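A quick write-up on the structure given underneath.
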Amino acid sequence: MNSMLGGREQSHYFSRNFAASNDLQPFCKPSVLLSFRTACQPLLNTSTCHASTQHQTLTISQPWLRLNCSLGEGPFWEDDTNSLRFLDVEKQRIHRVDLAVGPSSHKIVKEFDISIGCTADIENDPTHFVFAGKYGYGIAHKSTGEYHWIKRVWSPAETSANKPHLYRGNDGAVDSSGRFWAGFMFDPLTSPWDEHGALFRLDTDGILHRPLSDIAIPNGTAWTEDEKTMYWADSPKKTIYRFDFDSQTGAISNQRPFFVMPEDNRYGADAVPDGHCIDEEGHMWTALHGGSHVLRISPQGEIVAEIKVPTQQPTCPCFVGKDLVITSAGGTSGEGGKSLDEFAGSVFRIHVGVRGLKRFKYKGGVDVEGGKEGGVVVRE
């Protein structure tokens, strides 16, 4: 695929529709690690596992939480409360599940008047989270969803060109120094396709930086445990990149491909890397939007395991202890697509026998910034 999706691929990438259901299913729990070992004992007949000469495969057959998310995204495990929060970007909702209770505790915390792409916890503030949303960075209350803006991302000139209306926040994460990285992309609900999005970094002193520009769909920011490498994907290019990372300054350099989708289209011609996370063994887990899989990729960029997911558009994985939670996309919100599959828009969960790396908290200020669509000067 070229750096821009063609007409059919664009339509498929944003074609999300589904049938709603409230059925809840138990999660899949094989008894071993996905890498290296060959024996696997499925629990409750919800997952199967087999080894091959190349890599191991798990199959999820049922959702853990059956929902009708239009664009389920941003799963985040609050380990201090043992809660899972996740987003429906297009329906502008934040969801929460008490993991001690299970899927039956699911609730919609709030329906927002703006879209939110990703969230992060805040250092020394257990009641709020920060987010990257429609116009920039904001802060919201975990229980009520009430929010305010703390930093808009577009310059005054870009604001005059209507960028706040045409773009939205997508995926992101916080690094070990408490800086919040977030990608912003064209908003398919308000804008035609383009490649003029950007990756921003909000430092703890409130200064906003733009390390990358002219990108289409930024996804899955993550770091290695030694903090020397940062990963990031531009989904339409079917590539996850790696950068040299300076943890002291936040500077990135030496961009090069880490993983490129196989040319044989074994996961489908429309499969692209979406959200990802890193486990304690240094392997990456990335969802394949349009490919019905989550892949485990070694530090050398090789596929070592895969999870077959019973929906076409898994979006983002997240660790909950030694389990992996996976969100998915379902609906169209005006693009005119049709129902993709039975479980589109649901949440999936599977035991993988390895933990994820620590997720860091935002350490910057959260003072109110007035004005809904004001611009800020950005340091390139």
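Using N, Cα and C of the backbone, Cβ positions are placed for all residues, glycine too.
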Matching residue for the divalent metal cation site, where TrEMBL names Glu73, Asn219 - out of Asp125, Asp274, Asp279, Asp323: Asp274
Other same-chain residues whose Cβ falls within 8 Å of the Cβ centroid of Glu73, Asn219, Asp274, the recorded divalent metal cation site, in sequence order: Asn170, Asp171, Ile217, Gly220, Ser235, Gly275, Ala287, His289, Thr315, Cys316
Cβ neighbour count within 10 Å of Asn219 (divalent metal cation binding site): 28
